[in-house]
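All remarks here apply to the structure that follows.
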Amino acid sequence: MFWTDVTSLPIESMNNRVVYCRAAKVAGGGSAVNGMTYDRGSARDYDDWGKYIGDSSWGWDGLLPYFKKLETFTPPNAEQVRQFGIEWDWNAHGTDGPIYSGFPPLIRNQQKIFLEASRKAGVPVPKDGGAGLAVGAFWVPNNIKPGEWIRSYSKNGFHDAVKTRSNYKLLPEHQVTKVLFEGNTAVGVEYAQSATSGRLTVKAKKEVILSAGGTHTPKILQLSGVGDSRLLNQHKIPVVVDLPGVGNNLQDHGASSVQFQVTYPAEPAAPANLTRTVSTGNFLSFYSFPMISPAKYKDQVATALARDDTSYYRSGAHSSVVAGYKAQKSIMLPGFLTNETGVHENTGSGGLVSPQRPLSRGYVEITSANPFDPVNLAWRTISHPFDLTVAIEGTRFVRKLMNPSNFPSGISPRELSPGASVTTDEQLTTWIKGSMTPSFYHTSCSAHMGPREFGGVVDAKLKVYGTKGLRVADCSIIPMIPATHITNTVFAIAEKAADLIKADA
């Protein structure tokens, strides 16, 4: 179900730890194995994307129709509305799409307790986090099919509806080894069942659409001769297009957890079928930078804007890649002065610390011309000092939130880790570097959409620069990762990609 050969390079900014990358190896990809949290980022996240590429159709107003097109939303039942006060905005949801979203029959009361504690701590509670302002504490649906209470994902939502078509074939347990080119025109793909089996080919009548995800899309491009010519020459791969951005700009959501001992009132046990098929979480919190660092955020953003970040990017990066990074930073940081985007997630009802709009950038590169060899994956999490600042201030905010005064009598959170004595920037830095995981399984942005002079790999129509007949449509094309769990965003990319492809047919 998961690729087993992808581990990171030692992460220098995290005590040189080596971490396994969880990438789904199953029909349905990440949507088949994720936590079923069906949320979106704030409008500002997507508008920054549109601003960076100079095309507002990839901003919030351009993507919202696709978010709605793919969704069939079922609101909570009357008892859930009465008990939990869940609200929603019909203008933000679809009613006849292939992916079902809604609320399971069992919602834990501890989530309501935590929402009220958040409200008491001054956290805003938007009506519907999917309506363009996903900042604060709010209820969120799962991608589940009502009545059956099973996961709704790309396999049963998209694949199963068309699997009998004569012009559609799914070939499981095979791996694409490279895209085939004639000149710079993609004419098909090569694939194999294993490293020792023979190589097979399939030809494309119109174009090739690459959707292998944040780790494997850049790998396939590089194996195919599309990437930084220095890397391709090193592995004696003929260069089809010198495209230095391939594999660069990699982003993810790192996460640490401030652990608390909390005794909530007893709740009924979930039926066995629900624990197997339905996510147990329907509550999210995303905090803006002014929320978590109210006294210092202006100075902290000003410092980050003035800083020369070249030294924080990977050494030897192509000048176009560095130029794109600087352009992204200049767009992102002003948003951190507002309450329009989340910079820190605290999932569920606890103490998660997860920087959401990182300035750190990693990379993924092939290690040989053999497609069955592992890649070099460098997350480079918290390598930029601003991300570490967000994690430090986020930890302090979580502690403020979990103060017993925000909870009902009898519920007194007690911190277990890192411990109440860990308070200074230096102490918190040591704890974060030793405890943070580099990935929330949102590895993205490694073949990003953007101007070619900014290290972009695809244009606004998802076409790979310098090629004909080749597009990318997956999470790797996102230029700046939004503050959200990314499945819903990837579905919207797919829906928009379908329209772009049909428009050129």
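Using the three backbone atoms N, Cα and C, a Cβ is placed for every residue, glycine included.
No curator has checked TrEMBL annotations; they are predicted automatically.
Keep in mind the model is a prediction, meaning the values are calculated, not measured.
Per TrEMBL, the features are:
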DOMAIN    12-253  domain 'Glucose-methanol-choline oxidoreductase N-terminal'
BINDING   Val26, Val176  FAD binding site
DOMAIN    358-494  domain 'Glucose-methanol-choline oxidoreductase C-terminal'
ACT_SITE  His442  active site, proton donor
ACT_SITE  His485  active site, proton acceptor
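TrEMBL feature annotations superimposed on the structure.
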residue : record                       : DSSP (3 states)
Val26   : FAD binding site             : coil
Val176  : FAD binding site             : strand
His442  : active site, proton donor    : coil
His485  : active site, proton acceptor : coil
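Each residue in the domain 'Glucose-methanol-choline oxidoreductase C-terminal' (358-494) gets a DSSP state, and the totals come to 45 helix, 23 strand, 69 coil. Cβ crowding, taken as the number of other Cβ atoms within 10 Å, peaks at Val176 among the binding-site residues Val26, Val176.
Per-residue pLDDT, averaged along the domain 'Glucose-methanol-choline oxidoreductase C-terminal' (358-494), amounts to 97 for this model. The recorded positions close to the residue listed as 'active site, proton acceptor', defined as a CA atom within 10 A of its CA, are His442 out of Val26, Val176, His442.
The C-beta environment of His442 (active site, proton donor), restricted to residues of the same chain at least 6 apart in sequence and closer than 8 Å, consists of Gly214, Asp252, His253, Cys475, Ile481, His485, Ile486. Counted within 10 Å of its Cβ, the other Cβ atoms near His485 (active site, proton acceptor) come to 24, all protein chains included.
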